[in-house]
């Protein structure tokens, strides 16, 4: 199995939504998304609004999913690492320099020139906007991965 790792700040909104979206839309054999956060609060779970957006759109229940702290093992076992912002990418590349060649922002990898909006603490409409952003970028990512399948 080839892991694709999505990373955001706390692993309660963007990256866990990206994990669910990727796994829902992925039709490439042998690929699976996982996710983690840069600064995880111990015991935290998926935000209520993120879980609701995922449930309403792709019928997956991620309410009780526990946030995961980024660590070296996750980076070692992942083929590619996609962050939600350039700031998170820069921190990971500095803290885990050995893996810098496989760490990108999701949007830079698919040639979209913006970060993924952090909806944390916002209303459900903000989460829906982030969901739409993620779906768009992840569909582009899947197309790109299909074209690069031979290099993995």
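Glycine too: its Cβ is placed from the backbone N, Cα and C atoms.
Under the heading active site, nucleophile, TrEMBL lists 8. Summarising the annotation, TrEMBL assigns active site to 14. Look at TrEMBL and you will find 118 tagged as active site, proton donor. Residues annotated as domain 'Phosphotyrosine protein phosphatase I' in TrEMBL: 2-144.
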Helix, strand or coil by DSSP: which one applies to residue 14 (active site)?
helix
Pop the mean pLDDT for the domain 'Phosphotyrosine protein phosphatase I' (2-144) in here, whole number is fine.
98
Over the span of the domain 'Phosphotyrosine protein phosphatase I' (2-144), count residues by DSSP class, listing helix, strand and coil in order.
69 helix, 26 strand, 48 coil
